[in-house]
Amino acid sequence: MAVGVVAVEGSQDRRYGGRITAFVVLSCMTAGMGGVIFGYDIGIAGGVSSMEPLLRKFFPDVYRRMRGDTRVSNYCKFDSQLLTAFTSSLYVAGLVTTFLASRVTAGRGRRESMVLGGAAFLAGAAVGGASVNIYMVILGRVLLGVGLGFANQAVPLYLSEMAPARLRGAFSNGFQLSIGVGALAANVINFGTEKISGGWGWRVSLALAAGLLTLGALFLPETPSSLVQQGRDRRDVAQLLQKVTGINAIAFYAPVLLRTIGMGESASLLSAVVTGVVGVGSTFASMLAVDRFGRRTLFLAGGAQMQASQVMIGAIMAAELRDSGGVGKAWAGVLILLIAVYVAGFGWSWGPLGWLVPSEIFPLEVRAAGQSVTVAVSFAFTVFVAQAFLSMLCHMKAGIFFFFAAWLAVMTAFVYLLLPETKGVPIEQVARVWRAGAGSSAPTPMPTRCARAGNSSGEAYDARLFVAGRAL
């Protein structure tokens, strides 16, 4: 049975506030810099992984295969565990850091986590740009991963808690928009630095993951929910499906994939720029639509769009790409178009909503811990995709796209059957939606922790949240 929309009485209650001030907007934009850096780190790896100077210096076996070893299948030219370790090390570090970040975010606040994340980003960028061997390259990625562990823990919570209820979807989707902007910036920079004579353009690409988040976070206020939590309870109290859409395979390895079908280095990087523009545009569209049409509608429509494009990509590659040679220019153009359609579907559905929904469904008492689990699962499956994709491409060939299409079918069914609508519900009342269950016309009241502790009602907590919000 499908889970429908559950209306929550008082969702426009003035106690929760609804003003959008310049200060709130600026604070959320600054916090969103964590998403820009995240997106940059995602996009930069795939681009530099296809650059011949970096491959020649650190991955000579891959470079030799790419330059014309006809004994190796097109699908296997980039199959290297060391090359995938360059990509996945970022997310391994992020996974490990997430659990420390949970304690900091719950006990010290969202702002503190963002400051620490920004500092780690600065260190990682410096080491990556100055690398003289593969160990330094991977160390730089590890330090960037530490930054991601803190930023991805804190930023989605910050945006959800600062946003007015009626626009929480748009504000929170700003995190994915920031990721898209960062990835687009990475693709543009990769396209430009690839042309630098002397073969050191990859150093510029790796060094530019810098620290605007650090400076901005120093001046950010804490969220009202975090202030209340720190004052009353200092205990440190799921994105699997987003990752098996196959988006990380496209985001990490789009230039590599395009080189697999026979495109040149510069053309593959330019194509990644085009798909990056599509991703940013579709995410912006999601920001405008999510609070009007709801989460479920975007999830279902976007999932169907992504599934159809994955099936068509797999069918074309199975029919046109052999172990040697490339595909014709016309088919290459069709594949780029289908990748753009796929990226657009992700950009206005599973991309932003994969961050929005987890950040709004947990009650305050366990919100930081819940976000920690969300980010940990995200990183774990990101590591799997980053480390396994090139090997899976080598062994499954075009079948890998049917693999991801099958997962998209499962995910769409999951949303249809089990996910309730939370559009317009104040974040502190979202738990009541889940308690109400399918088909209910009104939610079952869920006592707050204050009430369970002996207060006459949950209104004491609501009042403290209101006072903290007004103080900002």
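Keep in mind that glycine also has a Cβ here, set from the backbone N, Cα and C atoms.
In TrEMBL, annotation is done automatically, which means it is predicted and not curated.
The shown structure was predicted, so the numbers you read here are calculated from the model rather than taken from an experiment.
Annotated transmembrane segment per TrEMBL: 20-40 (among others), in sequence order.
The domain 'Major facilitator superfamily (MFS) profile' annotation in TrEMBL covers 27-423.
Sequence annotations record features per position, and here TrEMBL assigns transmembrane segment to 82-102 (among others).
Positions annotated as transmembrane segment by TrEMBL: 114-136 (among others).
Residues or ranges marked as transmembrane segment in TrEMBL: 171-189 (among others).
Per TrEMBL, transmembrane segment is recorded for 201-220 (among others).
Per TrEMBL, transmembrane segment is recorded for 267-290 (among others). Within the chain, the transmembrane segment (267-290) has long-range Cβ neighbours (under 8 A, six or more residues past its boundaries) at 43, 46-47, 50, 169-170, 173-174, 176-177, 179-181, 183-184, 186-188, 190-191, 194, 250, 254-256, 258-259, 298, 336, 339-340, 343-349, 351-353, 356, 423.
What TrEMBL records for 330-351 (among others) is transmembrane segment.
Residues 75-76, 78-81, 83-85, 87-88, 90-92, 94-95, 98-99, 101-102, 105, 148-149, 152-153, 156-157, 238-240, 242-244, 246, 248-249, 252-253, 256-257, 260, 354, 358-359, 362, 400, 403 of the same chain lie 6+ residues outside the transmembrane segment (371-393) yet bring a C-beta within less than 8 angstroms of a C-beta in it. Per TrEMBL, transmembrane segment is recorded for 371-393 (among others).
Distant neighbours of the transmembrane segment (400-419): 1-3, 241, 244-246, 249, 295-296, 299-300, 303-304, 306-307, 310-311, 313-314, 317, 350, 357, 389, 392-393; these residues of the same chain sit at least 6 beyond its ends, with a Cβ under 8 Å from one of its Cβ atoms. TrEMBL lists 400-419 (among others) with the feature transmembrane segment.
Remote same-chain residues near the transmembrane segment (330-351) are listed as 176, 179-180, 241-242, 245-247, 250, 254, 258, 261-263, 271, 274-275, 278-283, 285-286, 289, 298-299, 301-303, 305-306, 309-310, 312-313, 316-317, 320, 411 (criterion: CB distance under 8 Å, separation of at least six residues from the stretch ends).
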